[in-house]
Every structure is written in C-alpha cells, then in structure tokens.
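Student: There's a structure below that I have some questions on.
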Amino acid sequence: MTNIRKTHPLLKIVNHSLIDLPAPSNISAWWNFGSLLGLCLMIQILTGLFLAMHYTSDTATAFSSVTHICRDVNYGWLIRYLHANGASMFFICLYMHVGRGIYYGSYTYLETWNIGIILLFAVMATAFMGYVLPWGQMSFWGATVITNFLSAIPYIGTTLVEWIWGGFSVDKATLTRFFAFHFILPFIIAALVMIHLLFLHETGSNNPSGIPSDSDKIPFHPYYTIKDVLGFLILILLLTLLVLFSPDLLGDPDNYTPANPLNTPPHIKPEWYFLFAYAILRSIPNKLGGVLALVMSILILAIIPLLHMSKQRSMMFRPISQVLFWILVADLLTLTWIGGQPVEHPFITIGQVASILYFSIILIFMPLASLIENKILKW
C-alpha cells in the first residue's frame, strides 16, 4: 500500500514541501534563515495572541494594560518580552536572509524575490504599528513623526495623513486602527509566506555555488529537517538569553513614560532595526527627498535582479563583488549606528557619506565589478 503522506490530498502538499522535497546537497547554514523566519512568525503570532487577550487599544488604558500584563498576568512579563525581543530576532533573520539572497544570486528567482520584498514591507509595517501600541512616549512620537512623512506627498499629503490618523493628531482613533492592522497583518504575512514557498518550489532552492544542482539532490527529510531543528534551538537559546537576562537591552527607556503630546522626547528614534533607513531619511535636508530615499532604500532590492551583469550567479567565485558586498554590510552597520545618534556634527556628514555609499555600491559599483570579473574570466 502507498504511504498515506503520498496519497492524502493535504498531507501530499506537506510531503512535497517538507519531506520528499529534493534539495541541493550543499546548501549551507545561510539557508537556515527561511525556516527560522517561519519559527519567528509563529512565535510572534502566538505571543501576540496571548498579549491581545489582555491589551486594551484605548489611549486612556493602553499603557496601563501593558503594565497590567507585566505585573498581574501569569508569566505576562515573559510573553510581553518574548514578543518585543522576538521582533528583533525576526529582523536579524530577515536581514541575514536578504543578504544571503544578494550574495548567492537567489534574486534571479524573480517571483520568489518580489514576494519576499512585499513580505519585508509587510513585516516592517507590522513592527512599526506594534511599536505604537504600548502608548509610551516613543510610541506616540514615533507614530507622529513617521506618519507625518506622508504629508510630503504633493497635493494629497495633508489629507492622507489626517485620514490615517482619523483626526487632526495621533489619538484614540489612530491607536485603535493600528491595533486592528497589527493583529490582521501577521496572518496576511503567513499567507504571503505560502505564496513565497509556492514560487520557490517551482524552481527549487539555489545553492552556494550558484550552479544548477538537479544532478545532485537529496531528500529534505531527514537531512535538512534535523539541520533546521538545530537552527531553531540556537535561535530559541539566543531569544531566551535576551528575554531572561536583558529584556530591555534593545528597547528605549522613553517608552516607560506614558505618552504625552505636550512633551517631546529629546531624541526621537525608531527601534534598532529601522535605524539604517532612518539615517538615510535624515541625511537628506528636504522632506520629500528624504521620504523618497527612505522608500528607495528598501525598494532598491526590486531592481537588484536588473543590475545583475555577471556571467556567474553566485558571488562565491567573484572576489571583487565579495569585497563590495562586505563593504555594503559595514555601511549598513554604520547607518544603523548613525540613525541612533543626535543630528549634529560629525554624525550628519558620516550619515550623508554612508547614504551615498549605500546607493552607489548597489547601483554603480556592483554592476561595474561584475563586468570587470567577466573580463577577468577571459584572461
């Protein structure tokens, strides 16, 4: 008799996705981040669900309800910090996953890559709205500053901002709708993940060499299931260490002060995972220009496949591109640092140089390096 996992309509899908899936024999630990992102999403949905049971999305009680969760709910503090730091883990995995895609040329799977970009935007939107919910000082002012950027859109800007706010400032209506969106988006993200995987399984996984691996495939289970489980254990260990030893390491102390529209914090800044984009935004003195640069800093991922000039897919055998890639990583770390600094000399200049370098590497230097490497191949 044929195994039920190969005949049952539902189990058949699981089987083709996770068990009998032919996978390249040489994919490294950089291919673990996809499954780790799935784990992060599950952790976030579960902890978020339990937080939503005790949270109230009203300006008068939001801050108190979060305090209540941490003080009075059984293990509420644990759930709250798992959720807050789980977001940080989510973004670490996201950036590693995208970096892997750029390094090994995975972006040539266009559908998978583009759904991935939509996913990145969706996760960023969810994280931003989630940061507003505790209704602390940084929640309120972060929401005010970021939503205000939409007013830079010509003609409809101001109307658009007031429409999003549901009034003339960030208030009760804004908080309520942000909670509604923050709740629904992760499920939309989960659906997009399914589409992401659907497109990936049309082509099969890439591998570090960038060379087609059809002639050398191994079953996903047990080889990569056990490898993924090791990744899960490492991620859970790191998250647990963070939550139990320094849960506020990545947070902002200002968010322990209830939101006050009459008192602006000295330094308004987002969570660490948005600082690189925030630095790019601030490095342009013009409002509309800054907003465009902010959007382009992520949207630039969509044109990376068009800029692929190399005859090789992966950077594994392309030393010049490798050097540029790691300069890009260092540049992003520099931008992250600058985003958290006050707007004063020398940080302004460093931020502007780093921003120009970010776009230059992707748009100019990497394609040029690829062309040079193509020439070197002929020597």
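Just so it is clear, glycine is given a Cβ too, placed from its N, Cα and C backbone atoms.
Taken from Swiss-Prot, the feature transmembrane segment applies to 33-53, 77-98, 113-133, 178-198, 226-246, 288-308, 320-340, 347-367. Residues or ranges marked as heme b b562 binding site in Swiss-Prot: H83, H182. The heme b b566 binding site annotation in Swiss-Prot covers H97, H196. Residues or ranges marked as ubiquinone binding site in Swiss-Prot: H201.
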Student: So which of 113-133, 178-198, 226-246 is most in touch with the transmembrane segment (77-98), counting Cβ pairs under 8 Å?
Tutor: 226-246
Student: What stretch of 33-53, 113-133, 178-198, 226-246 shows the most Cβ pairs under 8 Å to the transmembrane segment (288-308)?
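Tutor: The stretch with the most contacts is 113-133.
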Student: Of the stretches 33-53, 113-133, 178-198, 320-340, 347-367, which racks up the most C-beta pairs under 8 Å with the transmembrane segment (226-246)?
Tutor: 33-53
Student: Counting distance between Cα atoms, which of the binding-site residues H97, H196, H201 is nearest H83 (heme b b562 binding site)?
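Tutor: Its closest listed neighbour, by Cα, is H97.
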Student: Can you name the residues of this chain that are 6 or more positions from H182 (heme b b562 binding site) yet have a C-beta less than 8 Å from its C-beta?
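Tutor: Result: G48, T126, M129, G130, L133.
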Student: So of H83, H97, H196, H201, which of the binding-site residues has the fewest other Cβ atoms within 10 Å around its own Cβ?
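Tutor: Each of the binding-site residues H83, H97, H196, H201 was scored by Cβ atoms within 10 Å; lowest is H201.
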Student: Residues of the same chain, at least six outside the transmembrane segment (33-53), with any C-beta under 8 angstroms of its C-beta?
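Tutor: Counting only partners 6 or more residues beyond its ends, the transmembrane segment (33-53) has Cβ contacts under 8 Å with 69, 79-80, 82-83, 86-87, 89-90, 93-94, 96-97, 100, 130, 182-183, 186-187, 189-190, 193, 228, 231-232, 235-236, 239.
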Student: At the Cα level, what's the spacing in Å between the residue listed as 'ubiquinone binding site' and H97 (heme b b566 binding site), rounded?
Tutor: 17
Student: Using DSSP, would you call H201 (ubiquinone binding site) helix, strand or coil?
Tutor: helix
